[in-house]
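Report on one structure; see the data block that follows.
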Amino acid sequence: MGKRVSLTQYLVEQQRMHGHIPGQLRLLIEVVARACKRIAISVNKGALGDVLGSAGTENVQGEVQKKLDVICNEVLIEANEWGGHLAAMASEEMDGIYLVPNRFPQGEYLLLFDPLDGSSNIDVNVSIGTIFSVLKKPEGHTGVSEGDFLQPGHQQAAAGYCIYGPQTTLVLTVGDGVAMFTLDREQGSWVLTQDGVKIPEDTKEFAINMSNMRHWAPPVKRYIDECLAGKEGPRGKDFNMRWVASMVADVHRILTRGGIFMYPWDKREPEKPGKLRLMYEANPMGFIVEQAGGAATNGLQRVLDLQPGKLHERVSVILGSKNEVERVTSYHVDAAG
Ligand code: P6P
């Protein structure tokens, strides 16, 4: 392996070459990365660390919180609140926004996160992850409100996730491509292991929860039926299927070898546009996927163009290999007439 490049060196060189990373943003990313190392320690303890099982509470989504959900949320809040780079934070695990306490300096960024995505996999030792999104606080007024967070995803200053799997890997974009850093546990440092990540434009692998098939809208059913028809069908090739039920793991596979991930609207809860959350799941993952040459839509529109109305807004998500996402989106557009 050639000369090791650390996360800090990568960020400094990105700033020197492209000017994408002002000092406060660099500090923010390094603090989040350090928090993810701390989370990895808790996640990796498992049954040895009294971190498994339910916390006995519910989050704003009405979902039972796992102990690790609460722990990881606290780690991210405590790591980020004092540094002077943030004005406020928002999390899947908190109803409202979290204002940086007055005893700390206020910064110009807003941080949103799903502290531990894929919670259903915690107790069965399957990969889970932390997803984060960074926005700039709108200028021109003092204080911070929930409305300041409601920006379309194309305004993100940075986005990333950390996957806690066989390796602990941090994936990051600041709008100039996607880089991957693997945690060197012996030194406790993030090491650049891939830069300029590219998603193949075509794929033979789809990711969707097939048990929901009877509830899907026709365009989704049409697309999956064509994949299942294989060589003899209209696609003329066989497809493979994967579903980890951990968005971070499915997206990481797609960044690594291509594929399409779908969590579409379905008629189980027709009033909801989808299961996944726009601000701290679909937007950061959509930014990363687009920066790697992929695409992300809600079936009809680019995810990053959606104007959020609420902090915990849900959205239908179709993302991954560009040509497949465009095909599924065209089926939705045709069906919409
Ligand atoms: P289902 C995890 O709970 C999550 O939010 C995503 O990470 C994942 O893709 C999806 O839900 C899995 O949902 O309905 O298949 O359990």
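Keep in mind that glycine also has a Cβ here, set from the backbone N, Cα and C atoms.
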Same-site Mg(2+) 1 binder from Glu92, Glu93, Glu108, given that TrEMBL records Asp114, Leu116: Glu92
Per TrEMBL, member of Lys267, Lys272, Lys275 binding substrate alongside Asp117, Gly118, Ser119, Ser120, Asn209: Lys275
Given TrEMBL lists Asp114, Asp117 for Mg(2+) 2, the same-site residue among Glu269, Glu271, Glu281: Glu281
For the domain 'Fructose-1-6-bisphosphatase class 1 C-terminal' (199-332), the number of residues DSSP places in helix, strand and coil: 60 helix, 23 strand, 51 coil
Output field, Mg(2+) 2 shell: CB within 8 Å of site CB centroid, site Asp114, Asp117, Glu281 dropped: Glu92, Phe113, Gly118, Gly129, Ile131, Met247, Val248, Leu276, Arg277, Tyr280
Rounded distance in angstrom between the Cα atoms of Glu92 (Mg(2+) 1 binding site) and Ser120 (substrate binding site): 15
Cβ-centroid neighbours of substrate site Asp117, Gly118, Ser119, Ser120, Asn209, Lys275, 8 Å, sequence order: Asn121, Ala245, Ser246, Met247
